[in-house]
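In Swiss-Prot this protein carries:
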type	residues	note
BINDING	Gly334, Pro335, Asn336, Thr337, Gly338, Gly339, Lys340, Thr341	ATP binding site
REGION	685-709	region 'Disordered'
DOMAIN	712-787	domain 'Smr'
Amino acid sequence: MNQKTLKIMEYERIKQALRGYLVSAAGQHELAELAPTADAKQLQIWLDESRDGADIYRLENGIPLPKLDDIRPHLHRLAMEAALNGLELAQISRVLWTTSSVVKFFRDLTEKEITLRRLDRVVKELVTLPDVTRRLRTSLEGDGHITDEASPALRQIRQHIAQTEVAIRQTMDQYTRGKDAKYLSETIVTIRDERYVIPVRAEYKQRFGGIVHDQSASGQTLFIEPQAVVGLNNRLRQNQIDERHEEQRILAELTALLDPYQAEILRNSEILGHFDFINAKAKYAHQLKATEPKLSEDNQVNLRQARHPLIDPKKVVANDITIGRDYKTIIVTGPNTGGKTITLKTLALVQLMGQSGLFIPANENSVIGIFDDIFADIGDEQSIEQSLSTFSGHMENIVAILRQADERSLIVVDELGAGTDPQEGAALAIAILDQMGTLGSYVMASTHYPELKAYGYNRPETINASMEFDGETLQPTYHLLIGIPGRSNALDIAARLGMPEQVVAAARGLTDQDSQDLNAMISDLTEQKRHADADAERLRQELAEADELHAQLKKQFDAYQHQKDQLMTDAKREANRLVDESRKRANQIISDLRKKQLAAGKSVVKEDELIAAQGALNALQQDSKLKKNRVLRREKAKLDFHKGDSVLVKSYGQVGVLMEQLDDQHWEVQLGILKMKIATNDLEKAQDPAKSAKQPRASVKRSGSSGMSATLDLRGHRYEEAMAEVDRYIDSALLAGYPSVTIIHGKGTGALRKGVTDYLKRNNRIKSFGFSPANAGGDGSTVVHFK
């Protein structure tokens, strides 16, 4: 990207603002390398990371990072096989500990179901070294001091040092607080040559004996190590030497521990610096109220309410700036001091920020282009030493731009053609704009030449623009009006400031009538646009409010639906629980009744009534899956039942025939010999009995008409099995509606025959029974007739 443009646009001030949010040396290094890119893929990656950073800052107040020092020199020394000192190791330890913390932080984000675009993949590049981290943090404090936990030997040595120092002070206290205190210059204990001494008056030095280590400048005081503490001081000195050796051994051990992981530690430091940089971008975006820009590889720029990021937010004026879709050149005309220069800088600087992966100070859904280069000629950039005139310097810049620009360049030029004869300046400006158009560049240029107003109408892909001027206050509003050329307000301002009316009138008379008409037309257009913009803004706000209301109502409706479904599901679950309990009790009662009935030899309750009651109980069961119930209801509503249809009664598990529709919700169904009232939603169409497939069983032949055979063959069964089968068969035959059935028991020993006869005698549902005719089996089978 053009370095001169970065300087003109004060891009470095943007980086300086970001620098204030950084806490790591690695983040500072990344910021130093920050520059706009024209690589669309790389730019999208940067913006995705900025989006993640903004979301994390909004939800979690950013990625938690402490102050991290530059560890690259330490790793370089490590590569040279040099032992690291305590502070260097502590700084590396902080990087490793932060690595573990950040990995856990992102793991927690995943558990909270916070969706990220990219950083969840970046964090996977971090390598945690838990054992190494634990050893370093146990052995070192933040300032590099080695802790007592670094080794048992070090702890023991330091205990000895502490004990010896206590013994020395106790001995010294005898001198400073006892009867010998009067021989001291001061009643204190001090240190000389790393040994404890007391300040003794020179004339009493023989009283204490020991070793003289120093004397005062006057010679009146001698610093003496009394003989009584010489041995203790010697022991302390040796302990201190042992401590230093043990500390050096520990530092060498910790250094060796890091050696295999140099590359991983360096990469961790870089990634943490990258996260720090992303944090800084998010915080700066929050300060600016900046938003994520959309990218247009076709360079169709649409900045919605863009603001210059370096102007006080309370004073800056936002503007809509659009270029690249319907037009590629904007000519901003009108007098100076209207805000033209700031508008040009806003376009260029916002574009530079966006192409650097930063959020931009503009409203949501703003679009930036991806320009290969951005050129600018704004203000007087010439050096005094070169003694170039304003016009010469201006032309020199334009020449350089024309040599480098192409169809993927954005050019912003302030006061094009200024600094020379107006007529020649205007002609030159038009020719330069034509050349820029030929190159295919995107151009936003300001000028005060009225001749360029016509240029904006006559050239393709070119549009006029101006800075709004308030006719009431005679002050610029600094709002950009695209599509409306600028007009002169000199005469109006002069009149408002008190210029004599005859002077103003004379001036108007000297002004070309066409110019006056044009200014009047521009004034009308400006007023109409102001009203149109106000209406558009009002409609935008109303639409936004409507969208928000719609979203709230939808959310409330969804919550209501969920609550309703949940209540229904809970109610059905509770109903099913009650039905299950009732079914168990009913089944137990039915079982007890059957046992009593068989024991008494007669039936107090008809078996078909018991079966019907059990089926009705089963029908109370509800499907707890509400959505499934709805589907079933819709499907059942589609069924078209008719009298005479074969149907399956789901609650009974039996096939019957529709006899008559009793009402909208119920049918009378013939189930064997029974006619029952059945709910419509308990019915399903069944296959025509005549077409149903036969399903043979070993000893019972299924008939096509009723689903069971009219003959029961007990031959080959043991007595107990046969009696149980007879009991089940009689129940089924009654339910199926058979008037009579045949039970084949064979002749054999006669045991089965006698058992069947005894059972039939006890069953009061049997009208009569007897042996089959001789030609149909004789006394080897029994024909049973039901009531």
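Heads up, the Cβ atoms here are built off N, Cα and C, so glycines get one too.
Given the structure is predicted, the values throughout are model-derived calculations rather than measurements.
Gly339 (ATP binding site) is surrounded by 22 other CB atoms, counting those within 10 A of its CB over all protein chains shown.
Counting only residues at least six positions away in the same chain, the Cβ atoms of Val332, Gly334, Asp414, Ser446, Met467 sit under 8 Å from the Cβ of Lys340 (ATP binding site). The binding-site residues considered are Gly334, Thr341; of these, Thr341 has the fewest other C-beta atoms within 10 angstroms of its C-beta. Secondary structure from DSSP puts Lys340 (ATP binding site) in a helix.
Counting residues per DSSP class in helix, strand and coil order gives 36 helix, 19 strand, 21 coil for the domain 'Smr' (712-787).
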